Amino acid sequence: MAVPFVEDWDLVQTLGEGAYGEVQLAVNRKTEEAVAVKIVDMTRAADCPENIKKEICINRMLSHTNIVRFYGHRREGNIQYLFLEYCRGGELFDRIEPDVGMPEQDAQKFFQQLIAGVEYLHSIGITHRDIKPENLLLDERDQLKISDFGLATVFRHNGKERLLNKMCGTLPYVAPELIKSRAFHADPVDVWSCGIVLTAMLAGELPWDQPNEVCQEYCDWKEKNHYLTPWKKISATPLALLCKMLTENPQSRITIPDIKKDRWFTEIIKKGLKRSRVISGGSSDSSVLCKQIRSDIDISHFSHSEEKTALSSTQPEPRTALATWDSNSSYIDNLVQGKGISFSQPACPDNMLLNSQLIGTPGSSQNVWQRLVKRMTRFFTKVNAESSYSNLMDTCEKMGYVLKKSCANEVTLSTTDRRNNKLIFKVNLVEMEDRILLDFRLSKGDGLEFKRHFLKIKKKMDAVVAVQKVLPDT
């Protein structure tokens with residue numbers, strides 16, 4: 001059964017882990033409303049209390065359709081609880097096909113929503129400083145939501161702007177001035193990161209490891225070698241916008257008002273449109289040039305600031321979907337302000353999903369699916385639970401993964417990706433009536449690398465994979 005949290009609320013599923021704690025899905029037994037609960041252990045690090053206090057203050061300032069909604073917080077002893085929207089659509093990276101990207105029409109839609117959210121943040125003097133696909137969530141209507149304000153800061157107050165000097169973010173997404181300069185303006189840094197996200201959506205890969213002279217791919221970009229990957233996969237109109245967004249000099253970089261006037265940003269792209277451009281120039285070895293998206297690169301050794309370098313070194317906790325209830329409802333008040341939190345945490349809350357009291361109709365698998373985060377990394381098997389489990393373990397062991405049985409029906413897989421970065425993901429075996437579901441969830445590392453590994457495992461297990469489509473639609 002689900003674990004009681006506050007009166008009428010149960011913790012039913014783990015959504016993600018982070019450096020200081022985890023995010024759980026809380027569901028109201030009476031209304032079936034869902035909220036993401038970020039549970040932070042304040043004793044994990046000396047700077048944790050101050051960082052969480054800052055994150056809460058910034059979240060309180062935010063109110064925009066493209067920003068994950070913050071409902072409130074409460075503290076019990078050394079545990080801090082943050083209550084946020086539950087975004088059932090999952091993370092943006094899950095919509096990006098490795099080395100391919102996504103349809104240009106979809107990329108444009110998500111990019112427009114991203115720019116709307118970033119424009120709002122800048123209008124109230126806040127910079128995010130860690131924009132990447134893993135921090136961009138989707139609700140049930142595919143509305144993009146910017147999440148994770150752990151590295152965000154205020155750069156303008158009462159009309160007075162300050163320069164930033166803190167080296168933070170995720171290396172492939174950071175602007176070059178963060179590496180080169182001791183002080184820099186906030187706005188252009190977020191614009192640069194948005195450009196890298198757009199590149200990932202259109203090409204399914206990142207352009208470089210880091211934006212400096214030691215990276216050949218970045219030097220090629222500055223030399224305008226657009227016949228190389230990933231640029232050769234991007235049509236001329238969006239590439240022209242990227243050239244303006246990924247301009248090395250921040251003073252020459254395009255601003256958000258001008259992005260909104262750009263031809264590609266404003267044009268109506270027909271569904272299914274496939275465009276190509278004539279490419280001239282030399283050839284390249286794509287296996288050498290391919291730069292996968294990853295989010296766990298340590299950039300501390302680049303810091304030249306007196307401020308402590310802030311790293312985004314783990315898979316961000318998924319927050320997340322636009323709530324339909326009144327934010328002043330007694331149910332939310334009870335969750336945020338109520339008494340009697342149960343501190344008995346389940347050993348493996350993911351496995352309690354099917355037995356939770358949140359299910360409105362006993363035995364209804366559809367209600368279960370309505371509470372699952374939308375992901376493409378899951379499949380049904382056509383064998384029983386025991387055979388599914390043994391097949392998974394045998395396959396992953398042969399493929400060289402480090403296996404750890406976390407608890408009943410959950411396995412943690414660890415490996416290194418093609419760039420020698422740590423990759424950890426969990427596999428839950430879920431029994432649904434006469435069906436067995438293998439649900440893969442990224443815990444730490446790069447989203448696209450995780451998807452590559454999932455596809456390889458699925459292919460190896462092809463003999464037991466069912467052709468039945470997994471709900472909800474992906």
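Any Cβ shown, glycine's included, is placed from N, Cα and C.
Annotated ATP binding site per Swiss-Prot: L15, G16, E17, G18, A19, Y20, G21, E22, V23, K38, in sequence order. Per Swiss-Prot, phosphothreonine is recorded for T314, and the stated evidence type is experimental evidence. Per Swiss-Prot, phosphoserine is recorded for S344, S356, S365. The region 'Required for nuclear localization' feature in Swiss-Prot is assigned to 367-474.
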Overall pLDDT for the region 'Required for nuclear localization' (367-474), taken as the rounded mean: 85
Per-state residue totals over the region 'Required for nuclear localization' (367-474) - DSSP helix, strand, coil: 36 helix, 39 strand, 33 coil
For V23 (ATP binding site), the number of other Cβ atoms found within 10 Å of its own Cβ: 23
E17 (ATP binding site) CB neighbourhood, other CB atoms within 10 A: 19
Densest Cβ neighbourhood among L15, A19 (binding-site residues), 10 Å radius: L15
Neighbouring C-beta atoms (10 Å sphere around the C-beta of G21 (ATP binding site)): 22
